[in-house]
Amino acid sequence: MSFLVAIVGRANVGKSTLFNVLTNSHDALVFDFEGVTRDRQYGQAKYDDLDYLVVDTGGISDKDVGFDEFMAKQSQIAIDEANLVFFVVDGRSGLTTGDEYVASLLRQKDKKVVVVVNKVDGTDEEAAMAEFYSFGFDKVFAISAAHRRNTQKLVDKFLKKPLNEYYQDYTQTQEHKEQQRHGIHFSLIGRPNVGKSTLTNRMLGEDRVVVFDMPGTTIDSVSIPFERHGQKYTIVDTAGVRKRGKVKQTLEKFSVIKTLQAIQDSNVVVAVVDARQGISDQDLSLIHFAIKNGRALVLAVNKWDGMTEEDRIQVKQDLKRKLFFLQDYVDIHFISALHGTNVGHVFESIDTAYACANKKITTADATCLMQLAVEAHSLPMVGKFRIKLKYAHVGGHNPPVIVIHGNQVSRLPNSYKRYLENFFREALDFRGTPIVFEFKQSENPFADRKNKRSKDEGSKSKKVK
């Protein structure tokens, strides 16, 4: 599960602008994939190679009634789940009753809160911050999100330490969980009403999850441990993720965050697609997110029963066209969650993907495969010199990380990197898991001697003169 930063405050104080600064700095919004409109409500950001999630909770007001009141209450869910809260206020307009209301809500929570005084461009920062100390929060900081003034300092000062502490604790906790779990943790993801909860019940063999024929029945991730044929599993039925324009309720927006966190916390992700609706950009976004996070993947095309042969051919052609990047290694199953058709095969692919994602490979085997790949397809020339790959070893699991050391590796063409991935995948029979390749430049063991010799020769020449 990722570190979560919640941006809260009344309306029109610049929360969305700060959100864009935090997420756009590394162009890493959750749904910022080709052909998909960037979502401005929740996103993924990076600080010093550490990923974290950001949620803009929308304006909070003490005058909210009806549906707006419901949304304001659900915004508090995001605050409850957050590891750090940026409470944004407007430095130009000064302290308002709306700000005081938000502050009163935050004082009831045991949360790390930073009062972010925005829009201070052209004003005295100290004067702008002064009145906001009355909230009782000891951390107050002035920025101009629109002009990115002090925004990096904000992150360096208030995010760096808790983020590093969180991941240290989280790594230890995850290692403990893995020791205790000894099973496969997989999540079902997809749009609303594609049959995730029905598939969950079918896999469990009982009605553990409430199912209705309407979108959005599941609003939070439901985690259920179980055992099948002696193998332990934990299944996570996630909330459906809809198209950006249709995600309006704050509760639903936060359920998207929970879904993304479930993906990151899984060993294997099962992407469920409705055969009758086809695969959408939103399906592709979720699949891309899973792959980007190194998750093993299985695709289940549901509601296959009752379709004509002509429609089935059309669906398969559509899948082949849109999922061309998965054809080589991801298993695709055409199922009926309602009737149980082919659900057993989904389990088989989950087991296979998990095993491949955690496959043990010795340094000798990795190096041997690398050498065989080079023998089969020579390395390209870089100027007068040929790139040289020396040895390879495994740098991690789930996903498998192959680290290759050599000379001039930074100039290795992407086409050759793809060739290496395909070669390793075929040789090791990797199914269902992405493979990450890291290329490291080998250090010259004689570099220091050479530099020292040059210095000595320089000193001697000076003496001669």
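Don't overthink the numbers, they just go from 1 along the chain as shown.
Cβ coordinates are placed from backbone N, Cα and C, and glycine is handled just like the others.
What Swiss-Prot records for 3-166 is domain 'EngA-type G 1'. Mean predicted confidence for the domain 'EngA-type G 1' (3-166): the pLDDT average there is 80.
Taking a C-beta cut-off of under 8 Å and a sequence gap of six or more, Asn12 (GTP 1 binding site) has these contacts in its own chain: Gly59, Asp90. Annotation note: Asn12 (GTP 1 binding site) sits in a coil segment as assigned by DSSP. Per Swiss-Prot, the feature GTP 1 binding site maps to 9-16, 56-60, 118-121; the stated evidence is sequence analysis.
The GTP 2 binding site feature in Swiss-Prot is assigned to 190-197, 237-241, 302-305; the stated evidence is sequence analysis.
Feature annotation from Swiss-Prot assigns domain 'KH-like' to 359-443; the stated evidence is sequence analysis.
Per Swiss-Prot, the feature region 'Disordered' maps to 446-465.
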Minimum Cα separation from Gly9 (GTP 1 binding site), reported as the residue among binding-site residues Asn193, Lys196, Thr238, Trp304 that achieves it: Thr238
Distance [Cα-Cα, Å, rounded] between Ile60 (GTP 1 binding site) and Gly190 (GTP 2 binding site): 30
Closest of Lys15, Thr57, Val120 to Thr238 (GTP 2 binding site), Cα positions, binding-site residues only: Thr57
Neighbouring C-beta atoms (10 Å sphere around the C-beta of Val120 (GTP 1 binding site)): 23
Position of peak Cβ density within 10 Å, selected from the binding-site residues Thr57, Asn193, Thr238: Thr238
When distances run from the Cα of Asn193 (GTP 2 binding site) to each of the binding-site residues Lys15, Thr57, Val120, the nearest one: Thr57
Residue, out of the binding-site residues Lys15, Lys196, whose Cβ gathers the largest set of other Cβ atoms within 10 Å: Lys196
Residue pair Lys196 (GTP 2 binding site), Lys15 (GTP 1 binding site) - Cα distance, angstrom, rounded: 34
